[in-house]
Amino acid sequence: MEALQTIQVKLGERSYPIWIGPHLLQELPSYLEKLKVTTKQKLLIVTDSHVEPWYLTGLKEGLEQAGYFVCSYTIPAGEESKSLQQYEQVLTYALEQKLDRRSIVLALGGGVVGDLAGFVASTFMRGVGFIQLPTTVLAHDSSVGGKVAVNHPLGKNLIGSFYQPLAVIYDTMTLKSLPKREVASGLAEVIKLGLIKDRSFLEWLAEHKVQLLGLEEPFLSHALGVACQIKADIVSKDEREEGIRALLNLGHTFGHALESLGGYGKYTHGEAVSIGMVMAAQTSEYVYGRDDLKQQVQEILSSYGLPVAYNTDWSEKQILDKMYLDKKVLAGALNLVLLEDIGNGKVVPDVAPELIINAIKAHK
Ligand SMILES: NC(=O)c1ccc[n+]([C@@H]2O[C@H](COP(=O)([O-])OP(=O)(O)OC[C@H]3O[C@@H](n4cnc5c(N)ncnc54)[C@H](O)[C@@H]3O)[C@@H](O)[C@H]2O)c1
Ligand SMILES: O=C(O)C(=O)C[C@@H](O)[C@H](O)[C@H](O)COP(=O)(O)O
Ligand SMILES: [Zn+2]
């Protein structure tokens, strides 16, 4: 099960493969050949200060030996780098290195690098090719689907585009150097997929938490494969979030508000989404007249060591106000992803703010 898995994101002429397996970075030149990237095309690797010491030198050497011109830009690790300032700095570096319209951006890192480098690629000279080289568990989500963005001081992911990569090359060996907190954080988004779409996958996740938190094979590759397949299927049906894709936002309207209020340092993205999913489950109970959803959501997330309540003095109103910056807000109405049942997410229009306030209050 640790062998190479190939999943296809089917988007007509913008279709692309997700390759998942061990040691894929060592074979990057042969994957570039498959993608018809030639040595005439300059490569810009964007990475971060935690990932660089582990993987950059080896990757660069392999590519240079294969005849490529390679330059690299390292951003400071952390969500704060998903900023307009960093975006401009990477663009400046790309111009200084004389990249051109045929150059390729390689995003080597987690979601922060992927979102930032993808946004650079989508706008540099009106768009150049980019390839995702994910190195976090969470990046099963961020590297697939083409949402690329930076944050605005007022809120998360508010400046960006839909821009698909040429491929996702997911070397599972890179996950071995991830801190434990980041492993759990990434698994929050895997759990999300079970909650919105696949109850039996969720049950499998509940049974295998020890193996997954320990990054044990073949469990890890199975989980990443299923997660990438669910994401690819949703994106293939609704690339620009006009319908079903919004389900991938379960917990995010709450979570993004918490990340933003925390100055992008208090909670990781997965942790904020974890708390957000519990609040969404609580809201679901109010909306659907149920009393058994929140407990189930809370149980699986806590069993993975993820937070299920926030522990600051932010008022419910402060959180609610931030939620109104969400991109699902239309004509002033807050549209939320809720759970009609476990494994069955629904987008619910115009949820009453009082219900949301109560759900937030219940998780302080
Ligand atoms: N575009 C999308 O569809 C999408 C989906 C989900 C999340 N996101 C975004 O992704 C971001 C979160 O991604 P993330 O959790 O990967 O965060 P991240 O990129 O900040 O990585 C988490 C931490 O792990 C470090 N790291 C990364 N790979 C490592 C490795 N192999 N070994 C050691 N350390 C490593 C990073 O330096 C960082 O400190 C958020 O900005 C979120 O909004 C985007
Ligand atoms: O791919 C999607 O669609 C998602 O919503 C995946 C989310 O996990 C991810 O965090 C995404 O970046 C959120 O997007 P946004 O549109 O709410 O900014
Ligand atoms: Zn997310």
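Glycine residues also receive a Cβ, built from the backbone N, Cα and C atoms like all the rest.
TrEMBL annotations: computationally assigned, not manually curated.
Features as listed in TrEMBL:
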BINDING   GLY111, VAL112, VAL113, GLY114, ASP115, THR135, THR136, LYS147, LYS156  NAD(+) binding site
BINDING   GLU189, HIS252, HIS269  Zn(2+) binding site
DOMAIN    73-184  domain '3-dehydroquinate synthase N-terminal'
DOMAIN    186-329  domain '3-dehydroquinate synthase C-terminal'
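Secondary structure counts, DSSP: the domain '3-dehydroquinate synthase C-terminal' (186-329) has 100 helix, 0 strand, 44 coil. Ligand 1 lies within reach of GLY111, ASP115, THR136, HIS269 from the binding-site residues GLY111, ASP115, THR136, HIS252, HIS269, judged by a C-beta closer than 6 angstroms to any of its atoms.
With respect to their backbone Cα atoms, HIS269 (Zn(2+) binding site) and VAL113 (NAD(+) binding site) stand 14 Å from each other. Surrounding the centroid of the Cβ atoms of GLU189, HIS252, HIS269, where the record places Zn(2+), the chain contributes additional residues within 8 Å, namely LEU138, ASP141, ALA188, LYS192, GLY251, GLY255, GLY270, ALA272, VAL273, GLY276. Listed binding-site residues: VAL113, THR136, HIS252. Those with a CB atom under 6 Å from ligand 2: HIS252. Of all residue pairs in GLY111, VAL112, VAL113, GLY114, ASP115, THR135, THR136, LYS147, LYS156, the annotated binders of NAD(+), the farthest apart have Cα atoms separated by 22 Å.
If you take the Cα of HIS252 (Zn(2+) binding site) and the Cα of THR136 (NAD(+) binding site), they are about 19 angstrom apart, rounded to a whole number.
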